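Everything on this sheet refers to the single structure shown next.
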Amino acid sequence: MCWSSLFALLVAVMHAHDEACAYCLRDKCLKTRYGSVCTYCETGYVPLEGRCTAMDVSFCLVESESRGSCSQCAYGYKSFLNGCYLVPLFEKLGKELDNSVSVPSALYISTHVVLNGQILFTGCFMDNELPINGVCAEDTANWCTQSGETDFSYGTSCLQCTGTDVFYFKGGCYSTKTEPGSLICKTASGGICTTCNTDSHYVFANPSTGTKTEQCISCGDGYGANGYSGVENCKTCAAPSGNSNMATCSACPDGYKFNVAQTRCFTCTLQGCLNCDSYESCEHCNTDFYIADQSYSKICATTCPTGTFPFVNSTGYKKCFSCSTSDGSDPIAVERIPGCETCTVNSSNLLTCSACLQGYQLTSTGCKQVCADVSGKCGSNACTVVIGSISYCSDCSGANNYAPINGVCEYVTMNDKSGCRKEETITGSCSQCGEGYFLHMQGCYKADQAPGNLVCSSVGTGSRSSGNAGAGLCSVCGPGYRTKRGRCISCNSQHCLEYIPNTCVCTLCEDNVLLIQGECVPFPSSGCKVPYCALCEKKLEVCTRCEGSYYITPLHGCIKDCGDLLGYHNDADLGRCVRCRIKNCYKCYDSVRCLECSTGYGLTDDQQCARCPENCFACAHYNQCTTCKSGYILNDFNVCESENEYKVDCKHADAKYIKYELARHIKGSVRQRLMASMCSECNAGKVPINGKCVSVSAKTLSCVSGTGENTGKCTHCVSGSNSNSAFLYSGGCYDSTTGVGKSLCTSVGDNGLCARCPRGGFMLDTSRNECVPCPMNCMKCNSSGCLRCDPGWLLIESNCVPCKKGCLECSGSADKCTSCITGYYVAGAVTSSSKNEGACRSCDDTREVDGWKGVHGCTLCTPPVFAGEVLCLSKEVIDDSVTRPLSSGAIAGISIVILVVVAAIVGVLVWRFVYKKKSSKHIKMVDMDASINTSQYMSSSHV
């Protein structure tokens, strides 16, 4: 709660006019119309669909000079009442804004369901209004017996209906006697539809056999109910059949077009297009056009663009195909010409090339690649080693006893100075090089002369050791290459000028190229200022279509995987990120089916997420535990037992159960170490079997306990006749195939000792043949120390040190981040004097450092095209930690302030009503419980 909002509330109560601010305390609103539609907000906020929202270019491009309102809305929004409103709402409501539907109700609806082209409201925001027969109106007939919020709509919805011929549908109450209710339901009883009107084909009966939340589902309802749904934007349909949970659409509304498979309806205004495969991307053109690729989408063209040729099949299907390459899915048998830029095709389906791409020469037979090797001994299509701007040979199979030396074919003797050794099966290339040379793409190169000096900075010598790849290999690769087991792998980046040594992480790009997360990304050919954007609007900052396999984010950016956003999934048909509606879902397949739940939750049979069993750290299925919390151990029945159960009749409990597991959180998955104690020595007459003390006579594994049966320990373990799974560990026998034993050892030797440890954080102690954990934050180790660290940690001299805050990975030093956790971005250098190059900065850090700054409230972003604010991809709250409770002092302070506020308001009201006695206007008191939010007060008043 802020003081300006409190002042606005007091002024509103005192004056009680039509500009009363009923939502000031919640919405940072300073001025309203129609009782609750905000028209002016506090600084930093503008009206979005009538409510104050943090200023963002995704909907408001230009904030007004007076602040608190918007003077220019983004593409897809309409300017109205000093704010921005979604265009489809205005287009579809039409005259209803001025007639049957009240303006405030219409403005507030941001979710609805469409039936036969008519919008049916699913929730309302005006006092005393509920969705009745699809419109927001007063429930004068008392059809709605219970109201509240739903998971598919904003505002207040009906949850239960009653009345003759009245039924519940999608947050509202409807009558079977009038439209639109009669189009949905034929008969109703007890507030529920008993017979859906499937004859209209606008709805289908919910096939669910369980408890139904909706009896009838609209064809255009992409959210649906009980796992069944319609098709977004569909007009008429048939019910789901077979294994499908989605209806089959039979007709799209006016202004929409099917894809060829008729599984989606898309808005598509492309000239000459018959069927669309996504928004503004054509799948099938009419007979006067060719379908052609352009800017990562498909258009209809009268002539084919450069680099392609026209083709018409026997059915009349017309498309433009590439002159030089085929993606393997082309339905034509036309042999392409590699390197060809301009071509024509004759009636016999033969191509003729008239111009070649750069790096190729036009010949009488096509295009020939320009190669540094002119000996004529380089194999066919073997001039493939690109170093700088020149191609070199990788295979000299054109002549015997020749191999690539420094990129050209040379005669190789038994004792060749290059040390080239050839495998019998590889006649024209090298498999090994000698001192002073290094092996690169089947050839031997010197590191102190061209072209080898462009690939390798330092060759190995002698035998392989730490930091030395050994003779014939490269120890330190040059810029543009990364080292992998002594080999240099090209980074294939055409625009990077400087790299972190031995990595493909770029730190400096060419002019007019973006540095994003260590990669050089060219400006989109579309001219957009949003990376990976193919089509944009309004100052080129709002993306409406992304390139290639990228998806539009909720804030009109482009992202490779929508799974990086909280609660979103890829929708290839739409080309955008679509919200996953499943609670506690870490990664979802679509809006109603989860693939993987967050840690502590498991999948149900209908692909929802439910909490794991008690004391369970992780579970694949909601009732089958896979890993227990610390202090608990998984038994053979997938149930977590307390470590105390493993200490009954125990003399010493120092056997350690240790397991590493990923804790999957939105801000990055972190490995956690889970521990519990088991028995290593039992009281007389018992021995440790799978961590528990078992009677010697009842033991299931053959335990040899040394001298006599009363030592309480096992000294050797023997498996059954048909297995080799029993192993000795810390005085007890364990089974490597089940329960706790499976977490301690994965393979047992003939000697009854462990031979192989679980992957990730364990090594085999050969002196005891037991698996021991690696040091903390180490993923792979040996007796000398750590070999590979956990994400967020850097290996320095066999030890793991933490990367700088926000780093997911770092290289060279702890403050040189190569990638960041979700919510952070790699801050590259805007200027050559930048001191924060390679650091991870928070997306919502608004302090400007070296030209970079974040956006308030941003939780996922990419660096900006120019110096300035980052490009925010999401403002969803992604911190899944529990909110800290307020201190007693803070609570006391807030209580006093609230008492003062309430007393002031009550005093004003008493003065207003008792002394002024103005009855011409009725003042609605604000619900104090809903309006005064203590957490808001804490953040605003800094108590």
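Backbone N, Cα and C atoms are what each Cβ position is placed from, and that goes for glycine too.
Features of the protein shown, as given by TrEMBL:
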type: DOMAIN; residues: 20-53; note: domain 'EGF-like'
type: DOMAIN; residues: 218-266; note: domain 'EGF-like'
type: DOMAIN; residues: 322-368; note: domain 'EGF-like'
type: DOMAIN; residues: 579-610; note: domain 'EGF-like'
type: DOMAIN; residues: 770-801; note: domain 'EGF-like'
type: SIGNAL; residues: 1-16; note: signal peptide
type: TRANSMEM; residues: 890-915; note: transmembrane segment
Range from 322-368, 579-610, 770-801 with most C-beta pairs under 8 A to the domain 'EGF-like' (218-266): 579-610
DSSP residue counts for the domain 'EGF-like' (579-610), split into helix, strand and coil: 0 helix, 17 strand, 15 coil
Number of helical, extended and coil residues in the domain 'EGF-like' (218-266), per DSSP: 0 helix, 17 strand, 32 coil
Secondary structure composition of the domain 'EGF-like' (322-368) [DSSP: H/G/I, E/B, coil]: 0 helix, 20 strand, 27 coil
Mean predicted confidence [pLDDT] for the domain 'EGF-like' (20-53): 65
Secondary structure tally of the domain 'EGF-like' (770-801) (DSSP, helix then strand then coil): 0 helix, 21 strand, 11 coil
